[in-house]
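What TrEMBL records for this protein:
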type: DOMAIN; residues: 25-204; note: domain 'Tr-type G'
type: DOMAIN; residues: 325-422; note: domain 'GTP-eEF1A C-terminal'
type: DOMAIN; residues: 453-601; note: domain 'APS kinase'
type: BINDING; residues: GLY459, LEU460, SER461, GLY462, SER463, GLY464, LYS465, SER466; note: ATP binding site
type: ACT_SITE; residues: SER533; note: active site, phosphoserine intermediate
Amino acid sequence: MTAVVDPDTGDALPPRAGTADRDLLRLVACGGVGDGKRTLLGRLLYEAGAAREDRLAAVRADAAGRGGGPDYALLLDGPAAERERGDVVHRRFATATREFVVADVPGRERRTGDLVAGASTADVALIVVDARKSLPREVRGHTHLAALLGVGAVVVAVTKVDLVDYGRAAHERISHDYREFARRLGLTAVEVVPTCAPLGDNVGTRSARMPWYEGPALLELLESFPATDRGGDRCFRLPVRYVNQVPPDFRGCCGRITSGAVRPGDPVLVLPGGQRTAVTAVHGGEDDEAVAGESVTVTVADDVDVARGDLLCDPESPAEVTDGFQAHLVWLHEEPMFPGRRYAIRIGARLVRGSVRALRHRLDVDTLDQVPAAGLACDDLGLVDVEVDQPVALDRYQDDRRTGAFLVLDPVTNATVGAGMVRQPARPGAGPSWQRTDVGKAARRLRNGHRPGVVWLTGLSGSGKSTIANLLEQRLHARGVHTYLLDGDNLRCGLNSDLGFRAADRVENIRRTAEVARLMVDAGLVVLVACISPFAADRRLARALVAEGEFCEVHVDAPLEVAERRDPKGLYRRARRGEIADFTGIDSPYEPPDAPEVRIDTTGGTPEDAVAELLARLTAMGMVHS
Ligand SMILES: Nc1ncnc2c1ncn2[C@@H]1O[C@H](COP(=O)(O)OS(=O)(=O)O)[C@@H](OP(=O)(O)O)[C@H]1O
Ligand SMILES: Nc1ncnc2c1ncn2[C@@H]1O[C@H](COP(=O)(O)OP(=O)(O)O)[C@@H](O)[C@H]1O
């Protein structure tokens, strides 16, 4: 067999001449640590004739040095950095009839994010199970995720059958249990192949040592699967990455077709706007036609409004336009996801702001149990309700894996923090929308004679928030400013009396407080908030709820030793004695603000000094008249 392979880089190389018309099959390979996945993949490369000569020589030298059989796993020596980091490695190789891309998912404990990266484009999951084991939890987890990510078929390679004397029983047991488990997930296309990778049994060719097995060898099986679904048969979708304007009148919509095909004359719908028009020209395809996977520039008739981030689609079967959807969300970041926090969300070519409105449950990927949860930690998977600030066009993931997937980004760093699959768009307008009232903020401002705003004091317990806020309110009140002080302790006596001090409770505490502050700003007040508010993301949320210039973040700064020495309520003492858990600064974190409008060091001056400084700042912001 001839082969195209780049096991060094794992990069998707263009196929060698003569292989261009071979069907591509995308595989995701996973298995537990020590289950023999690397040896099997190495042997698969070898059987495909895809191993490099110098690497084969190294394998032979290694075997001779050890005085044992060849270690085929050494053929996989992929990019060192990826292996060290434990990232997914992509390997491309080909046989005479077929080209393969294998996403090799590391068999480590934390793997949800890896699997999402490897499986979201895969056609077939190759799952490795040690013949001596029953179905390990991780195999169940891999299968669950593969099903969720739309991988249509599974090949279970039962490895190490030599260690069960090539017997039929282990194979039959695994085969039965696995099919039963997969059926519950709706996965019915399951093949099971018994293998011994070091000796090559049933990898490239059928093994004489297992006459009871009548199916094909692994490579034969993989060669026989239907080709990768590139989306060409589905309805047309083109996320517009940018609009190329060339005066006086050329306007091309540029992007990569994710599904279907497009030709001049085709009617198209521009979403989320909803304008209907027709394609006048397609640049970038062949013979005026372009199909899924191709990057194109499309021009349309009429002077319709098309902008970067829009979705061009087939009017007969359009994507849904919505400002909310239910989705499976995989969290990929060390900082947990909590409902209410604001994120950037990328769907297709569109980038919007939004948040998880509700976390319905966390899914235990191994047991399929739905577990109640307040947040999602790194590698957790949950079912969530997402709401976005502007309407977006999307499909259900099960209908289209490209326009039904989205990424969640940190709004400040732009790092990817989550990946999701749309399960169900919400009915447009199903959620409540803000009702405009005739007496608005502007009218109240006129009547009050000052601008409204939020003075948000954050800091450790005992740093001085309540003392300063209280004194500031007295001064403002004396000057005729309409104020209200929201103190953490007071809020926790009523509105937030159901909340404790775990991270998720604090997030909800600050979300509610910020929403109340927003309403009070709408009512024309200068709102003083005195809450520890230990997480920067939540303070950002509070800021984002009011208009530019209406938020003044004040870091009431005292080192832990000072706050603890003051201990006005005796809480530090109790926390040190272990009577109070999750106490800020002791066993719960505090993230100081990077760039607050005001930082007050309370180890120095008096509360009066602090208030004088704050008044000056609020005067400059127009909340107070001098
Ligand atoms: N475990 C623990 N950690 C921190 N604080 C505790 C805790 N248990 C009780 N208290 C008391 O609750 C007050 C803090 O409530 P907040 O609503 O400001 O906290 S937070 O913003 O949700 O973090 C806080 O008030 P201040 O001392 O004024 O900050 C304490 O009086
Ligand atoms: N410059 C200062 N600003 C505010 N409080 C101060 C200052 N110096 C000393 N303190 C004292 O520190 C304590 C702060 O307690 P408190 O205002 O209840 O803190 P917090 O609301 O942050 O928990 C009070 O006893 C206060 O008198």
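Including glycine, each Cβ sits where the backbone N, Cα and C put it.
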Distance [Cα-Cα, Å, rounded] between SER463 (ATP binding site) and the residue listed as 'active site, phosphoserine intermediate': 13
Intrachain C-beta neighbours of SER466 (ATP binding site), sequence separation six or more, cut-off 8 angstroms: ASP487, ASP489, ALA530
Entries of SER461, GLY464, SER533 (recorded positions) sitting next to ligand 2, with Cβ under 6 Å as the cut-off: SER461, GLY464
Pairwise CA distance, GLY462 (ATP binding site) versus SER533 (active site, phosphoserine intermediate), rounded so that it is a whole Å: 13
Helix-strand-coil residue split for the domain 'APS kinase' (453-601), DSSP-based: 60 helix, 29 strand, 60 coil
Across the domain 'APS kinase' (453-601), average pLDDT on the 0 to 100 scale: 96
Spatial separation of the residue listed as 'active site, phosphoserine intermediate' from LEU460 (ATP binding site) - C-alpha basis, Å: 9
Cβ packing number for GLY459 (ATP binding site), 10 Å threshold: 27
Filtered recorded positions, from GLY459, SER461, SER463, GLY464, SER533, whose Cβ is under 6 Å from an atom of ligand 1: SER461, SER533
For the domain 'GTP-eEF1A C-terminal' (325-422), the number of residues DSSP places in helix, strand and coil: 0 helix, 57 strand, 41 coil
